[in-house]
Amino acid sequence: MTNRQIITIAGGGSTYTPGIIQAVLNNADRLPLKEIRLYDIDSERNQDMYLIIDLLLKTSGHELVKLIVTEDPRQAFTGCDFIFSQIRVGGLKMREQDEKIPLRHRLVGQETCGLGGFAYGMRSMGGLLEIVGFVQEFAPEAWLLNYTNPESIVSEAVRRQYPEVKMINACDMTISLEETIAVNYGYDRKNWVPTYYGLNHFGWYTEIYDKSLGKDIMPEVIAKLNRQKLKVADFNEGDSSWQAAFEMMSVMTTDFPEQIPNNYLEYYLYGDLVVEKADLAYTRANMVMDGREKNTKEMAQKIRSGLTEDVLNFNFGEHGQYIVDMATSILNDEHRRFMLLVPNQGAIPNLRPDAVVEVPAYVGATGVEPISLRAPINDFHKGLMEAQVAAEKLLVDAYFEGSYQKALQAFTLNQTVPNARVAKKVLDEMIIANQDYWPVLS
Ligand SMILES: NC(=O)c1ccc[n+]([C@@H]2O[C@H](COP(=O)([O-])OP(=O)(O)OC[C@H]3O[C@@H](n4cnc5c(N)ncnc54)[C@H](O)[C@@H]3O)[C@@H](O)[C@H]2O)c1
Ligand SMILES: O=P(O)(O)OC[C@H]1O[C@H](O[C@H]2[C@H](O)[C@@H](O)[C@@H](O)O[C@@H]2CO)[C@H](O)[C@@H](O)[C@@H]1O
Ligand SMILES: [Mn+2]
């Protein structure tokens, strides 16, 4: 087979790596594979993942695929064709701080939203910029497909420092939400052409055109949402926090029935409810530590002790397929359509052109071709987005300038924060908690 690719996973120890590699192997016809390289800064997690991926290759007839595990960026990136990046700077222990510190001040504590997301963003920018620097140095012709969060913030930082980088920033939330709606209400998502706009984890649909019905089904989906709450339909089935998140969709479309929102809007529109429901002692980070992270560790330990029967237990839904489809769309010039994080440049006509926005886009051999909305967005969403994107830009300013004042402005303007006093309290606690990760702010 010709044109076999070398794929480097930056954040090789990520819990999502097995799902992504499985998707790569399931699409060998469109994405022929020569070599997988696992790159991570945590050798223990990287070695664990080596055992899992090695077994996956051997038990799926792909033993000829070369597999290397390394903490050396030169070895990891030199000559690779694609980099899939999914790092978590500070790990889940810092995510726990991101979630619990705001909650102690009765504010939304969440992985990518609110001040938890801003703390995460201040850590992630340095980590991802380092990866992009390695790619520029060792594999400037390769394509970097990024899942690292928080996407809006890291995309803005990379756009500023590396404006010419060959990089795609993507989020799997919209496909997950669409799949959940389709399964719950009896549609086939493959017939859909969704139109959506926003920042990452902060957006709305304007249309879901169903080709088999020849019409926009968004109005009827909203009516269904207002009658029948969604049930988690993918691999997260049984996960109480995802179930609660999808149930909030019905609250949002009852109060604001014009458009379907991204489920993350609950953190901005119903922050009081989120805080009321939160368990300060046990947040989502704890659930993931006790779930996905523990499961991955146990898989590696079983393999290490020679138990290889039925040990590969993972399924992350569409997450792996989505990034593989992006790679094949580039490699084979397929012009598939995705929701991607891109510089606005008029795609949302009445939002600042320098915003990093999430809109539909085609992907082909030359990269990303964003699709522009047919009409301006309404004042309600425009107002929310303008404030949030300004806050995100101020946070990126704070990172590059080492500016405490810009960080305080960003924290105060974040759309989950009611006043400057609590913004300053949380910022000062976050600075202490993140002293090993954030730049010094003065
Ligand atoms: N874009 C999306 O929609 C989407 C969906 C799911 C997950 N994610 C993101 O993917 C990432 C991985 O998630 P996870 O739960 O698997 O995390 P994880 O903690 O299980 O794994 C992350 C890995 O990154 C490594 N890492 C941390 N800093 C690094 C650095 N500077 N260089 C190289 N490796 C580094 C860690 O050692 C760890 O092995 C997170 O950022 C998460 O938010 C994004
Ligand atoms: O709380 P986590 O770590 O389980 O998930 C946080 C991520 O949630 C979204 O990704 C979801 C995806 O949308 C869902 O359908 C399924 O595939 O699980 C994924 C991860 O659990 C979101 O898009 C990511 O940005 C978050 O990091
Ligand atoms: Mn996402």
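Placed from the backbone N, Cα and C atoms, the Cβ positions cover glycine too.
Automated prediction, rather than curation, is the source of TrEMBL annotations.
As the structure is a computational prediction, the values presented were derived from the model and not from experiment.
Record features, source TrEMBL:
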type	residues	note
ACT_SITE	Asp172	active site, proton donor
ACT_SITE	Tyr264	active site, proton acceptor
BINDING	Arg95, Asn149, Arg284	substrate binding site
DOMAIN	196-417	domain 'Glycosyl hydrolase family 4 C-terminal'
SITE	Glu111	site 'Increases basicity of active site Tyr'
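Overlay of TrEMBL annotations on the structure.
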{"residue": "Arg95", "record": "substrate binding site", "Cβ contacts under 8 Å, 6 or more apart": "Arg88, Glu111, Gly116, Tyr120, Arg284, Ala285, Val288"}
{"residue": "Asn149", "record": "substrate binding site", "Cβ contacts under 8 Å, 6 or more apart": "Arg88, Glu111, Thr112, Gly117, Tyr120, Ser124"}
{"residue": "Asp172", "record": "active site, proton donor", "Cβ contacts under 8 Å, 6 or more apart": "Tyr147, Gly317, Glu318, His319, Tyr322"}
{"residue": "Tyr264", "record": "active site, proton acceptor", "Cβ contacts under 8 Å, 6 or more apart": "Thr112, Cys113, Met173, His201, Phe202"}
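Close to the recorded substrate site, the chain also has Arg88, Leu92, Asp98, Glu99, Gln110, Glu111, Thr112, Gly116, Tyr120, Ala285, Val288: residues not among Arg95, Asn149, Arg284 whose Cβ is within 8 Å of the site's Cβ mean position. Of all Cβ atoms in the shown protein chains, 23 besides its own fall within 10 Å of the Cβ of Arg284 (substrate binding site). Site extent for substrate: among the recorded binding residues Arg95, Asn149, Arg284, the largest C-alpha separation is 16 Å.
Look at Tyr264 (active site, proton acceptor): DSSP puts it in a helix. Ligand 1 lies within reach of Asn149, Asp172 from the recorded positions Arg95, Asn149, Asp172, Arg284, judged by a C-beta closer than 6 angstroms to any of its atoms.
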